[in-house]
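Here the structure is laid out as structure tokens; the discussion comes afterwards.
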Amino acid sequence: MLRKWNYARGENVKVYSLVYDIYSSHICKVDSEDSSALSSTGTEERTLAMIKPDGLSGNYTDQIKIIILESGFNIVSEKMFQLDAESAAIFYAEHSGRSFFPSLIKYMTSGPVYTMILEKSDAISHWRALIGPTDARKAKVTHPNSMRAICGSDSQRNCVHGSDSPQSAAREISFSSESCQLEFQHMMNFRN
């Protein structure tokens, strides 16, 4: 089912498309300006936030979104979808030579993920500070109020992902936006 969703943010009116497939529980809300790591004004920075399968299965999504909004981030777009092995391998390509890569791909395809494009001044560093160290076991000791300390269990099942640089943010935001578009095309081809 495709619906047009108009919504105003301050004085700026943006048009979003919401794609919701009730049979596969896929949600995509895409802004035409999503694929840049800079906002349309160029004064805010964007980053990709991903709630991983363990974060979704543990029902942490609402809690994470509240923390995001209370921390002054604007959620530019968001979507829930299931990564396949090929998409997960592309997303985590920088780890392809590492020994943990096969288990990372298996884990990331074990359930749906929820991505959000966040916007704020210094968004990347602020988001990284909120999520804490990669290893949730370390986060529980050194950053006990971080998201990974609260909802993660180890270095892989650490609940959330965050872009670590402007280059990674641009690539991951583009991947997320393209993934949504490809998902929509696949849904439409399947139904026709």
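Yeah, the Cβs are placed from backbone N, Cα and C, and that goes for glycine too.
TrEMBL lists LYS52, PHE100, ARG128, THR134, ASN158 as binding ATP, and of ARG46, ARG148 the one it places in that same site is ARG148.
The DSSP secondary structure for HIS161 (active site, pros-phosphohistidine intermediate) is strand.
Neighbour density at the Cβ, taken as the number of other Cβ atoms within 10 Å, is lowest among the recorded positions ARG148, HIS161 for HIS161. Rounded to a whole number, the C-alpha distance linking LYS52 (ATP binding site) with HIS161 (active site, pros-phosphohistidine intermediate) is 7 angstrom. In sequence order, GLN156 are the residues near PHE100 (ATP binding site), counting only same-chain partners six or more apart with C-beta under 8 A. Taking every pair among LYS52, PHE100, ARG128, THR134, ARG148, ASN158, the residues listed as contacting ATP, the largest Cα to Cα separation comes to 22 Å.
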